[in-house]
Amino acid sequence: MNPLSTKNFLPDAFLGARDDIAVQIQLLWTLFKAPLLIPLLNMAIFLCSSMSLMLFIEKVYMSIVILLVKVLGQEPEKRYRWEPMKDDIEAGNSAYPTVLVQIPMYNEREVYQFSIGAACGLSWPSDRMIIQVLDDSTNPTIKDMVKLECQRWQSKGVNIKYEIRDSRNGYKAGALREGMKRSYAKQCDFVAIIDADFQPKPDFLRRTIPFLVHNPELALVQARWTFVNSDECLMTRMQEMSLDYHFTVEQEVGSSTYAFFGFNGTAGVWRISAINEAGGWKERTTVEDMDLAVRASLKGWKFVYVGSLKVKSELPSTLKAYRYQQHRWSCGPANLFRKMVFDIIKNKKVSTWKKLYVIYSFFMVRKIVAHIVTFLFYCIVLPATVLTPEVAVPKWASIYIPSIITALNALSTPRSLHLMVFWILFENVMSLHRTKATIIGLLEGNRVNEWIVTEKLGDALKNKAITSFAERTRLRFTERFHFLEIGVGVYLCFCGCYDVAFGKNHYFLFLYVQAVAFFIMGFGYVGIFVPKI
């Protein structure tokens, strides 16, 4: 019989062990573990295993769709009518639709010339294209620089408009909405949106506009992003792996099956009538692009993703900028889901299968479950099982499924397969911030509408002198000291020590390495400068 099951034994045990602190702690741990911790862990393992299975099925399903698309050769040009725009001698340039190119900006000192120059270099009749620079800059010097750049292109005969407004209400969504109110904008048929750090090739409009001209059911043509600074440091390589999967798999699956995916906010061309029918730009969340896409889809419009059309862009190369971006990208979709889930359910213009896809696959699995299960399972629950050998973790949930999911993600960027371990650790650490942002979005917390423009560095990356490591560390240490990350790192390190001493799970090596990753991110060394790999 277990002596702890005898009621009269407990006082005697503590009395006999009053001089032995270790025994007292062990008894307290035993009392706490059996009735409370073990049932809680079993419940958490069941929940996390279920979420892992949901994510696994979603990943496998998308992989099968991508494989079929490749095997059957279902390029966008074959699914939809596409013919190049041809010059008409009699009609002249009137055969071309009028296109508005919007470039929203905010204090873009380093990159404003890139996007303006690329937009002005687009191959499209000059009298059928209007370039609109929407400058929300608060720095007078930068505003003057952007205005002078617009005047320089005007002197070359380019139809470019420089627009400012009195306040930044609505941020990017507000700027785009105000831009659409201009009289010349109302004369346009389509609008191309190009962020300040994006550089479309000259044939961008000639490859996208024909989809919209020949297919009246299409509202959006989305191009793929490529990254000019993906080799800048280890952190940008990790970002490239995640975003390559998003564009190679997620966007392609949405386009080829349900003709729905989230607009990426830039490098896309919209039918203006579809924007108006959907209710225009709204700033109720920090993902105004996704908001517009969902509303347009509920009106019956379809989208097409052209993966072969690539637009250059820049990845955040500092940890601070990346954290702010990921907060916005994680909080916004969760908050949008909260605001629109009932509208999607009640909608009668789209099929039940499409509604199910948007609610379950697009929002639930990819935008909520993926973040929560990564942090909760791999950073909290699995390490806790080291302290409780009585709790069994199914191998399929802790080994097989994560391995397959990781492999499917990594295959989208073959050149970075050797960095897979770093990517796993990086994603685990970032899952803490994404989970926090997701919960803020679902509960509409204090930072739900926080909007901080992602810092772009442009050529400053190439021209910056490499300062000493000590100086860089001192400058950024206070910016990136996050106690929560360090706390998780301490927790993982403790679990690893316990596993070495008493455990039976033998996760200690994984826990130690993961703890180091949390310490590194907590103290802020990753975003400083990591040599190319």
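Counting starts with 1 at the first residue shown.
Placed from the backbone N, Cα and C atoms, the Cβ positions cover glycine too.
Please treat TrEMBL annotations as automatic predictions, because they have not gone through curation.
Under the heading domain 'Glycosyltransferase 2-like', TrEMBL lists 191-380. Taken from TrEMBL, the feature transmembrane segment applies to 36-57, 368-387, 399-426, 481-501, 507-530.
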Response to the item:
Within the same chain, the residues 6 or more beyond the ends of the transmembrane segment (399-426) and with Cβ under 8 Å of it are 52-53, 55-56, 59-60, 63, 234-235, 237-238, 240-242, 244-245, 248-249, 378, 513-514, 517, 526, 533
Fill in: Residues of the parent chain within Cβ reach of the transmembrane segment (36-57), under 8 Å, 6 or more residues beyond its termini
364-365, 369-370, 372-373, 376-377, 380-381, 384-385, 388, 390-391, 393-394, 397, 401-402, 404-405
Fill in: Confidence summary (mean pLDDT) of the domain 'Glycosyltransferase 2-like' (191-380)
94
